[in-house]
Amino acid sequence: MTLNVLNPLTTMRLYLRGLFHVGRRASHRVSPLSTNTLNPINPFFNTINVSSLHASFLDCPLIWSTGFLFIIRYHFVSKSSPNRTFDDISKESICNIFQLIQQEQWDDNRIICLFDSALAPIWMSRALVELRGDPRLALRFFKWVGTRIGFCHTTESYCILIHILFYARMFLDANSIIRELVLLTWVLPGCHVFDVLWSTRGVVWVRGFGVFDALFVVLTGLGMLEEAIECFLRMVKYRVLPKPRSCNELLHRLSKSGKRELSRKFFKDMVGAGISPSVFTYNIMIDNMCKGGDLEAARSLFEKMKQTGLMPDVFTYTSLIDGSEKAGKRKLSRKFFKDMVVAGISPPVFTYNMMISNLCKGGDLEAARSLFEKMKQTGLRPDVFTYNSLINGYEKAGKRELSRKFFKDMVGAGISPSVFTYNIMIDNMCKGGDLEVARSLFEKMKQTGLMPDVVTYNSLIDGYEKAGKRELSGKFFKDMVGAGISPSVFTYSIMIDNMCKGGDLEAAKSLFEKMKQTGLMPDVVTYNSLIDGYEKAGKRELSRKFFEDMVGAGISPPVFTCNVMIDNMCKGGDLEAARSLFEKMKQTGLMPDVFTYTSLIDGYEKAGKRELSRKFFKDMVGAGISPSVFTYNIMIYSMCKGGDLGTARRLFEKMKQTALMPNVVTYNSLIDGYGKFGFLDESVSIFEEMKDAGFEPNVITYNALIDSFCKFGRMPRAFEFLQEMKINGVVLDVVTYSTLIDAFCKEGMMQEAIKFFIYMRRVGLLPDEFTYSSLIDASCKLGHLNDALELANEMMQAGVDLNIVTYTALVDGLCKGGRIKAAEEIFQAMLKAGVIPDHFIYTTLMDAYFKAGKTAEALNLLQELQDLNIEVSVVTYCALIDGLCKMGLLEEAIKYFNSMNDIGMQPNVAVYTALIDGLCKNNSIETAKKLFDEMLDKGVIPDRSSYTALIDGNLKHGNLQEALNLRGIMIDLGMEFDLPAYTSLIWGFSRCGEVQRAKELFD
């Protein structure tokens, strides 16, 4: 602080101006001794060096005489005598006036007139000096004058009285006046209390400085801490130091108010001023540093304290123990505790409680219990806080039996549990499902006069909600409100969460709205419950709406919520939205976890976007996130399904290397994958490995094996697995029966298929669309069309919807059976049922129309197919070209053949063969030969039908040698020359008169 030192002449001028600068009564709020009335800087300390103003105005006759000469020039107004001047008053006997004051004749007109004048504040100061010999009278007169309407004491009046009272050892009254003055300065700007106290210190002719300590104490007590520090600095400058005890109080208040840096600076200034810190001072500072987390500074001060010869006490050690515990340095806290005991300081209950509480919070329950026993051995009686720490610690560790034991011991020791204790125990019992005991304890709690709080009710509501007893939880909620306890956000969140988990989403939403109406803002937990609840119920739109509302309310979604939403979007097929949220999540600083990546991997896998799913898997590993068993299972299943068995196996091996145990799902994916692609031995090898690893094969495992062996014609081995399945007690399901029925059907063993179908229904299993489709398809292929139609009717009556496979089998069977009208009816029934037809069923009908000579209807189907934007396949073109050729529409056939090239579709061997056969039968053998050569040039390998068609064409045109050459090529290629081919050759040679050669071929 900078003090501007003025020369003596300037100081005298300012003093005189301040003393006599009076006007209207209202201006008397400003002290005549104040040196900066127009521009106040600080309410307590001005910027003038007043060391030269050490005497009171009574000590300066020169000032008085000069003052009166100065006042003569001005007239002042008073209520009692408008025309009365200061000269009129001064002519009266001053001695008589002061005599009246001493006699307490304060209602005398002379006194009233004097104190109603504009000069009253000046006379008040003089009156107080005259009364210094009778401090009690001075105090009474000061208070009486203060009651005069429109009168305000000046700062110097207060200060003179304070000095008088302090000299008379009337400390309580002095402190009261100091307090009054300090509080008054908030409405009296410019009153420099310290400076005026300093300038009036000679009033009682004693150079005592305790009054400044009193001012320092009052400022501290009023919480004016920064002003107290300024006062301290002024005292240091004038070498009137406060008492160490007063400094300690300021240190204590600075620490309590969180102004730790300011308290450290004050401590440094205090020591620098030569004030020796006491044990109490060190305790304040050590506690301050410990609570501020500066443990090293606290330890350093602790060592310095001991070096100065001061002995740390119980409070010193307790602060260090608590600081070390909170800093996680438990070894150090225990060391301090041990040192405390070694130093002969017996830890009180408070210190033991602190140690036990921190040990319990840290999970070291055995150490806490050991200290508890030691505490009792030293003769200390544990209190409610001791037991609360232990009960809470054991409860959080899940050791509920021990927490209940401590509760019982506590009550047995005659210690009344607190609300906190009851809350722990009630929560304990609710979580343990012991609701009746919890309720009993709740009633007992009320009987003891303790009022349950929001925490108590929350535990009971949560307990009854989770137990599905919503009527009782609702009752507690109602009782809680009836008791005047406002439900918290947590209360509402409990209710909403349990309603969501129970599937009562409407009730949850209603309570959510009610919560907002009461003015409570839902938090992240509330929104999470609703988002998760609606997501699990499949109501994804509402789930997303709550998520948007949450973000709109300014609540940052945590990783869990983002995971729910990403999973929601992936399952709903909205992969772009899921990916966008994933990117936004990273931008906001949230780190995606294994669940985030797994949802995205699964979503992209199911959408068939395997490249992206594998990219996410790679990114996940690159981010240092270990895939879970579920993540590996998704990837392995995908690879097996796509035929990438080598990568699947490598991932399986890597999974085992990471100490993750593959589960039944992992093995099932591999068994199914290897089996479907014909690697049956490898599939069985994995099956054996699975059993060796201790996993019991389930129905899915056996179904995969049975299906694979059936598809590859190894029915006996499939039945071996069926028998093993039964021996191991694995119950056959619909898939097992359907797989076997389908296998029998494909082998033409309809009787066996029907037997399994009947037995399946007998054991209570309802056939599904796959079961019926297999039987219908087989019946159609065997020509048992009525049986197929009967099965279709039964299927519909059983409530099983016909799918595209079923309809295609029926249409194909009826078409091949020549029942085109019935096929058309089935086709129309399919459209009416909303089943979208595919190119296979159109191709089947088209082929039937061509065979029936209905070319127009066949071509109409082609147009309909194109109008519906159904992709026309090679199979459809093959049926179309073959049909047109057989109808003799060769040009049309060639046109559609060429259109295949136009749309970038490569004709296959069947298409080439159909057109070659058509050309041959329509006497275009040369064109057929060219087409055959083109087929070879384009890398399309002719099959037996291709060669037979060309051989037949050559024979019809008498090209016997070319026909024989083609036969030789077929034999060289290992193609069997079947009966139709031999028949064509024999017929061709016979027709050309080569009977002998024909006979040789026949033989």
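Every residue, even glycine, has its Cβ placed from backbone N, Cα and C.
Those TrEMBL annotations? Automatic predictions, nothing curated.
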Do you know which of 53-76, 869-892 TrEMBL annotates as transmembrane segment?
-> 53-76
Same-chain residues at least 6 beyond the ends of the repeat 'PPR' (768-802) whose Cβ lies under 8 Å from its Cβ atoms = 734, 737-738, 741-742, 745-746, 748, 750, 753-754, 757, 760, 809-810, 812-814, 816-817, 819, 822, 830, 833, 835
The mean pLDDT across the repeat 'PPR' (663-697) is 93
Sequence-remote partners of the transmembrane segment (204-225) [C-beta within less than 8 Å, at least six residues beyond its ends] | 44, 132, 162-164, 166-167, 171, 174-175, 178-179, 182-183, 193-194, 197-198, 231-232, 235, 240, 242-243, 246, 249-250, 253-254, 257, 259, 262
Mind checking which residues reach the repeat 'PPR' (908-942)? Cβ under 8 Å, same chain, six or more beyond either end.
-> 874-875, 877-878, 881-882, 884-886, 888, 890, 893-894, 897, 900, 949-950, 952-954, 956-957, 959
For the repeat 'PPR' (418-452), what are the DSSP-based totals of helix, strand and coil residues?
-> 26 helix, 0 strand, 9 coil
By a Cβ-Cβ criterion of under 8 Å, what residues six or more beyond either terminus of the repeat 'PPR' (733-767) are in contact with it?
-> 699, 702-703, 706-707, 710-711, 715, 718, 722, 725, 774-775, 777-779, 782, 784, 795, 798, 800
Taking DSSP states H, G and I as helix and E and B as strand, how many residues of the repeat 'PPR' (768-802) are helix, strand and coil?
-> 26 helix, 0 strand, 9 coil
Residue counts in helix (H, G, I), strand (E, B) and coil for the repeat 'PPR' (908-942), per DSSP?
-> 26 helix, 0 strand, 9 coil
Could you break down the residues of the repeat 'PPR' (628-662) into DSSP helix, strand and coil, giving a count for each?
-> 26 helix, 0 strand, 9 coil
